[in-house]
Structures are given as structure tokens and as C-alpha cells.
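**Q** Below, the features straight out of Swiss-Prot:
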- ASP34, ALA35, GLU36, TYR37, ASP38, SER83, LEU84, GLU117, ARG140, GLU177, LYS293, LYS317: NAD(+) binding site (BINDING)
- LYS119: active site, N6-AMP-lysine intermediate (ACT_SITE)
- CYS411, CYS414, CYS429, CYS434: Zn(2+) binding site (BINDING)
- 591-668: domain 'BRCT' (DOMAIN)
Amino acid sequence: MDKTAAAQRIKWLSSEIERHNRLYYEQDMPEITDAEYDALFRELKELEASYPDLALPDSPTGRVGGRPVAKFTQVRHTTPMLSLENAFTEKDIVDFDDRMKRFLGLSGAEEIGYVCEPKMDGVAVELVYRDGLLAIGSTRGDGLVGEEVTQNLKTIKDIPLRLQTEEPPGLLTVRGEVYLPLEPFRKFNQEREEAGEPPFANPRNAAAGSLRQLDSKITAKRPLSIFCYAPGEVDGVAFQSQSDFLSTIPTWRIPVNPLTRLVPGVQGVLDYYNEMMEKRDDLPYEIDGVVVKVDRFSLQRDLGEKSRSPRWAIAWKFPPRQATTVVNDIVPQVGRTGVITPVAHLEPVNVSGVMVSRATLHNWEEMERKDIRRGDTVVVERAGDVIPAVVQVLVEKRQGSETLLPVPQACPVCGGEVVRIPGEVAVRCVGLNCPAQALERVKHFAARRAMDIDGLGEKFIEQLLNLKLIRNVADIYRLTEEDFMQFERMGKKLAENLLNSIAASKERELSRLIFALGIRHVGEHTAKLLASAFGSMENLAAASEEELTSIREVGPQVAASIADFFKSEENLEVLRELKEHGVNPRVEEKRVGGRFTGKTFVFTGALEKFTRDEAKKMVELEGGHAAGSVSKKTDYVVAGADAGSKLDKAQQLGVRVLSEDDFLELMQ
């Protein structure tokens, strides 16, 4: 391939991969398989390696991280990134509104338009686009000078490397907040603890630590997101107001928090704040208040700035989620992977409306670093529905009777050997028959997100283990009505309901069973990827690490953990027993060499003779792929009544269109 052809191919591959990224991550409608995507990605990387001068500045290969840097360079912001003045009460906001009106010479009856947005608890950054391309990304730093973290920011899928507009401004500087959503944060911390690494105290610390990695490949593995909220220096486009700016940049694919709103006057601000307070615990990310800004930029210029903050904006903070209490005891707790965690038993205290009586101390290294002792007076923090944590010891309140909990020399439950693997902070029980591990494994297996065995709660599982009616998850399926009738307050109807729930779990999806097994580093999302890729437990158990890492989003650490799980004879015996007891996960295996192998179908319109799900399964059983949108790679569009734009696009592209009867005939 000559250089001209290589340049054209690189441009096409970059555009095509970015399109597939949007389909996969934003619309959940992939058009190609992981293997096909990986082939495109590999080809682009190889071409860029052969012709490095042809690599585009917004190449999707930049999202997986570049070479590690020795240290961060300093970047001066185009305009200062100022702090915000804080408000804590309704009166503070009313006073703020009064000040705005006085400065602007407005009467008390006149209303100012304010833009309100959730105050993200993340890391402030600045993105600089030149002629539509992301040129520089930096942290806030001291407000005047920050650290250049462009390569790390490029790994965040929410950030466009090129603005999606035919006429980009010559210069666009955007400020935003990088954050780690709560569910990925919990999963990330769980994986760190299982790997023997110290967990992050909160999502903000995790986001900050991820952004400041010298190796951007590490940042790329962390599910960071961003919301942008303000312009810096701009050239080539004129925004009239904050709301004008925030309604324009999403059309260029720059993300803005959808909860941002223009409200009329101070009452609008008060109503918005109360609404966000109610929504706070239901949001998938942490917020710690509301930011209020005068909307019109002309008014902002008139109001000006103080030395450290603009006059035209204020941050109204939520009430603290912290409280002071006493550590009554510190108790070691054994998890399903054998990790022993110190847990603080607290004098019950109300933290933002929730009674807290326990808090994780994570591990002994963390507990020793914070110097937490029995009898200490401590500050406890609760963030969303994240497990409460001890964030500070009030050393000045010590009486001298406080005691440390030493690292256990034996498992506190089974008395088995305890080890500390080099490079890990976790202390682990390695006893194969540890009942505490068995309890946690069975709890996890029966949980709603796993096998969903209704009625099989912690106390009941504990009793089953104590009576030796079960020893592992497979034994659940041996249980009989007679076994259940041994328990107090267990009537015949309740026993029947439990047995029905256990029986129903035998037909759960394969991904649920994979997740339920509690394989280290395998969460719900990874379990779905594995189920889709391998189609059966037998295929997964036989997979090599190389085959596992060929799946997008499965890295070497996860692959090694899966392979190790299936090397264990004890685990294989449990799987054999599950199969013997009739646990038969729902699997739709693709037919190799089926009549639709390599073919892509799109279904549109109102289907009368089958549902979309039924049609999708029919196609997949014959080796085909059902996509959500029409492209040049679509082979067939099956059109029902009132088919719309997808049918039009199919006709434009010359894709073969089938009726429902045509499709059923093709299936014969």
C-alpha cells in the first residue's frame, strides 16, 4: 500500500471506528462483532505504526492510552479558573440575589435569569479545542496553572477528540468536571480490595488519582466520565449567555449535565435546590450541592470578579453527610474470597437521615494509617448508598483507654491459616472449608442480581450452614421440604415458596450463573460479555487466557482470574453438581455455519407475526447478527407496518427489504 492509499485508509478506519464506538457505548446498538471491531482497530494501529506521520490527531487509538510520561508539565489557563463563593442556607441565596440586583441597579421586583446545575463532586479540568481538534487538556491546579493531562483525558469516551461540526470555532476552551459514577466506583473499589490494593475513600479521590496517572493506559481502564459547564477563551463563535453555551456544545458532542436548567429568579433557584436534594440519592453520581450562575454573559461582565471568585456565581452546598460517633468495637469480617476486613461497630448515629451503626475500615494498613482504635471518637461519612466510612479520628478526645485491633494470626471464624500476599494489603484466610467464606459465597449466589432466589437471606443461609444442610452453592438444590420444616416459624406454604424459588433459579440466564459463581474480578457486565462470547459454561471453562483476552473489555488480570477459577478441582466439582441438580442456564447457542452466518438483519416497523426479540433470536440461532440501525453492511431489512426512516435508508443504500412473510420463508 502506498502512502496516499494508507492516508485514505487511516482516515476511513478512524471515522468508522469512532462511529462504531458511538453505536456501542452511546446507543447500545452495535453493528459488528467484537472480533470485527478488533480487526479494524488492529489494522489502524498497524498503519499508524508504519506511517506515524499520517496518524490523525483525533485517532481512536489515542483512547487506549499512550506512552507513560516522566512527569506532568505545567499549563497556564487561558483565563483563570476561579473558585466559587459558598452558600449554606436559603438566606445566603436570597442575599446573593439581592446583591446581584444592587450591583446591576435592578428593582426588587425584577427577576434575574439563573442557570442552575448539580455541583459535581469530581475534578475540574479545562479542554482546549483548536479548529475543532482537542489540543490540550489540563487540571485546574491553583486556578492559574494546572497540569497537562491531555493523553489521560483522551481516554475518556465522553470527550470528543474532534468537535462534531462542519464549522468549528478557531478556539474553544471548555471547563468541565471529571467524575467516576457510583456503580463503577463500587466495582472498582471491590476489585482493588480483592487484589489486595487499598480502596479509594470516595469517587472524587478515585477520579483524581486516575487523572494523575503518568501512564495513560491505566487511566484508560477506569470508567471516567465528564460533564462540561462553562466556557473559557473562545474565538470564532459568540455565545450570548450561559444557557446559549450549554445548549450549543452538546450538538458538538460535548456532554452537559441534562439536569442543568435556566430558572426565573430566586424562587426558581430555591425550587431547583429542593428538587436536587430529593433526587440526590437516586443519581448515578455524587453531587454535593447546586451551582447558581447569572445567565446572561453581559450581566456577568458587569458584575465582574473578586480576587478569588466571580461575583455572578455561587455554590449552594448540601448539608454535610458526616456525623461524630464512638467506635464501640472493631470486628474482623471474612468475605467470600477470604479477605478479612476490619469493620467498626459504632454507637448508632444519624447521618443525613440514615442510622449508621457500622463502617468498613477496609484493611489493616488503612486502619493503622488512620490510627483507628476501639473507643475512639470518629467522624463518619456516608456518600449516597456507598458503605459508610470512618474519615477522621478526633485524637484530642482520647482518654487513654483506646485499644488497637492487631492483624489476625489465624482466621477469626475457622481458625485456618492467614496469609498476606506480597504486594497486597489484604489479609486472607486460605482455609478451603471456612464457613464465613461459604456464607458470603452462598449469599452472593442467591442475591437478586445473581440467581435471585427469593427468601434465601443471610440469617437463613447461616442456619443452613450451621446445621450442615448445605456446604456450598450446589447443595441449595438438594434441599427438601423436610429440611425446611426443621426451622421455627417455617410453615408448609413458606417451604413450598422457597422450593419454587430455588427451582425457578435453575433456568436463569447464563450470565447470571457466571456472575453468581463469584469469580474474582467478574462483575455483571463482564459476565454478560463472557456469556455472549462463549455461549455455555463448558466453553467458558475450557477457554484459554488468550481466548479470554480476545474479548473486548477483558484484560489479562481478569482473564487470569477466570482461568484460575476453572483450574480449581473444587470449583469444577461444584459446577458438576449444579448440572446434576438440573441447573440449566438459558443459552441460545449460535449455529456455526448457519444459513445467516455473517449476515446482518435490521427489523423495523410494527411486527405482527413475531416480536423483535423472537426475530433476533431466530437470526442469532442461524449465526447471523441483528443490528439496530441500517448501514452499508446491512444485508436485510425486515419491514413491518408503518416502517419509517430505516426503510427509507435501506432503499437509498440498495439493501434488500423483506416482508415478515419473506423473512419466515427465508427461515424455512
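Any Cβ shown, glycine's included, is placed from N, Cα and C.
Predicted, not measured: the structure shown is a model, and the values here were computed from it.
Can you tell me where each of these features sits in the structure?
**A** Summarising the environment of LEU84 (NAD(+) binding site), the number of other Cβ atoms within 10 Å of its Cβ, over all protein chains shown, is 17. Following the DSSP three-state reduction, the secondary structure of LEU84 (NAD(+) binding site) is coil.
Listed in sequence order, the residues of the same chain lying 6 or more apart from LYS119 (active site, N6-AMP-lysine intermediate) and placing their CB within less than 8 Å of its CB are ILE287, ASP288, GLY289, VAL290, VAL291, ALA315, TRP316, LYS317.
Around the Cβ of CYS414 (Zn(2+) binding site), the number of neighbouring Cβ atoms within 10 Å comes to 17.
Mean predicted confidence for the domain 'BRCT' (591-668): the pLDDT average there is 80.
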**Q** Could you state the CA-to-CA distance between CYS429 (Zn(2+) binding site) and GLU36 (NAD(+) binding site) to the nearest Å?
**A** 43
**Q** Tell me the Cα distance separating LEU84 (NAD(+) binding site) from CYS434 (Zn(2+) binding site), rounded to the nearest angstrom.
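**A** Taking the Cα atoms only, CYS434 (Zn(2+) binding site) lies 53 Å from LEU84 (NAD(+) binding site).
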**Q** Rank the binding-site residues ARG140, LYS293 by the number of other Cβ atoms within 10 Å of each Cβ, and give the residue at the low end.
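**A** Looking at the binding-site residues ARG140, LYS293, the Cβ with the fewest others within 10 Å is that of ARG140.
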**Q** What is the total of other Cβ atoms whose distance to the Cβ of CYS411 (Zn(2+) binding site) is within 10 Å?
**A** 23
**Q** For LEU84 (NAD(+) binding site) and CYS414 (Zn(2+) binding site), what Cα-Cα distance in Å is obtained after rounding to a whole number?
**A** 54
**Q** Does anything in the same chain, at least 6 positions from GLU36 (NAD(+) binding site), have a Cβ under 8 Å from its Cβ, and if so what?
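**A** Within the chain, GLU36 (NAD(+) binding site) has no Cβ neighbours under 8 Å at 6 or more residues' separation.
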